[in-house]
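Asks: Have a look at the structure that comes next, please.
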Amino acid sequence: MTLKSLFFLLLGLIITVLLDQAIKYWITHTMLLGTEIPLFPFISLYHVRNSGIAFSFFSSFSHWGLIALTITIIVFLFWLWKNTELDKALSRFGIVLIIGGAIGNLIDRIRFQAVTDYILFYIDGVFSFAIFNLADTFITLGAISILIDEFCIWIKTKRHLDKSK
């Protein structure tokens, strides 16, 4: 692990966690639970608390069980980041996004025994997506970054193998 990569890890974590927590602070201090502020015909701010993980999975787990699970995942992700080759920059960036999102949601879980969610996508009377937050978005974008990186490596390897035939 180089000093430069450690710097970018810490910078990425600081940015993701601060952005997530700043928005959640604003939501919790300006909106009552259960209130909605329509922004566009398809998106609203809708203040809720989620006692589970993504899409309310594991909501039957105990509060401390979810905290322990989240910490375990964060520790594993730090190990994964440390052991991912430096040339896999997109994967390493994705792992940082996932860790930052997990830490942001962990802070909520410790403070409120639930995660503050507030983004609602919907088509009036037709479709409503699960309510989520910026930390969830970071986690999703991080996973997509890793998948894209792995897919590009697979394509590159496949082309190399095809040329060697």
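Residue numbers in this text run from 1 along the chain shown.
The backbone N, Cα and C atoms fix where each Cβ goes, glycine too.
Copied straight from Swiss-Prot:
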- D117: active site (ACT_SITE)
- D136: active site (ACT_SITE)
- 7-27: transmembrane segment (TRANSMEM)
- 28-48: transmembrane segment (TRANSMEM)
- 61-81: transmembrane segment (TRANSMEM)
- 87-107: transmembrane segment (TRANSMEM)
- 128-148: transmembrane segment (TRANSMEM)
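For each listed feature, how buried is it and what is near it?
Replies: Around D117 (active site), the same-chain residues six or more apart in sequence whose CB sits under 8 Å from its CB are Y46, H47, V48, R49, N50, I131, F132, N133, D136, listed in sequence order.
Counting only same-chain residues 6+ beyond the ends of the transmembrane segment (61-81), those with a CB under 8 A from a CB of the stretch are 9, 51-53, 92, 95-96, 98-99, 102-103, 105-106, 109-110, 113.
Long-range contacts of the transmembrane segment (87-107) within the same chain, counting only residues at least 6 positions beyond its ends with a Cβ under 8 Å from a Cβ of the stretch, are 5, 8-9, 12-13, 15-17, 20-21, 24, 53, 67, 70-71, 73-74, 77-78, 80-81, 115, 133-139, 141-146, 148-150, 152-153.
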Asks: Can you tell me which parts of the same chain pack against the transmembrane segment (128-148), counting only residues 6+ beyond its ends and a CB-CB cutoff under 8 A?
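Replies: For the transmembrane segment (128-148), the far contacts come to 16, 19-20, 23-24, 46, 48, 50, 54-56, 90-91, 93-102, 104-105, 115-122.
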